[in-house]
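Features of the protein shown, as given by Swiss-Prot:
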BINDING   Gly11, Pro12, Ala13, Gly14, Ala15, Gly16, Lys17, Ser18, Thr19  ATP binding site
Amino acid sequence: MTEHKCIAIDGPAGAGKSTVAKKVAQKLNLLYIDTGAMYRAVTLKALRERINLWDDIALIELAKRTIITLLAGQKQSVLLDGLDVTREIRTPEVTNNVSIVAKIAGVREVLVQRQREMAEEAGVVMDGRDIGTVVLPKAKAKFFLTASAEERARRRAKEMMNFGYDVDLEQLIKEIEERDFMDSNRAVSPLVPAEDAVLIDSSGMTIDEVVNSIITWVEKGK
């Protein structure tokens, strides 16, 4: 596996992983892979097909027959079975249910294998919750981004408003705290920093400051 070309960026919901990872990828001329979008796509399909989200077997089979394509561009597009669902995977319904789907071991096995295959094909910047610990454990550059729940809720609110959704900030804070608990306490691939990850608390930092910090660390590690 060409993990020496890969940068792993992990962290909780709303930590700014995707925005930061995109910019890092652009500056270093690497492919950006949003693994969270893949779990969101499976969740969206399950909701559309009215599959019981507590039926692990049904969801594993769903993941196996789901084709997810990530298209590079200024704003990465996500295709679900050939159809653009970039906006649909960011709905509150998907956001509130994706942790249920993501904690299923069989679903993770299917998607992790696909993520590793992507990393085999090209140097990548990959963000998620278990990239440095599970997906690309031998990646030379690993980062763990975090920020306060309030800061992350404000960022998520801005993202949702950009997609045209109404936002209740207090409710968002509550949902983020609940998701943190679920992600950190799940039996499979819990949200924890890799032992060799660089920890970055982005509270009060601009996106560009975080990006430059990561690039500085990457350049040092060459």
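Glycine is no exception: its Cβ is also placed from the backbone N, Cα and C atoms.
What Swiss-Prot annotates, mapped onto the structure for a quick look.
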residue	record	Cβ within 10 Å
Gly11	ATP binding site	25
Ala13	ATP binding site	25
Ala15	ATP binding site	27
Lys17	ATP binding site	27
Thr19	ATP binding site	15
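For the ATP site, the Cβ centre of Gly11, Pro12, Ala13, Gly14, Ala15, Gly16, Lys17, Ser18, Thr19 serves as reference, and the other residues of the chain with Cβ at most 8 Å from it are Val20, Asp127, Leu145, Ala147, Arg152, Arg155. In the three-state DSSP assignment, the secondary structure recorded for Ala13 (ATP binding site) is coil.
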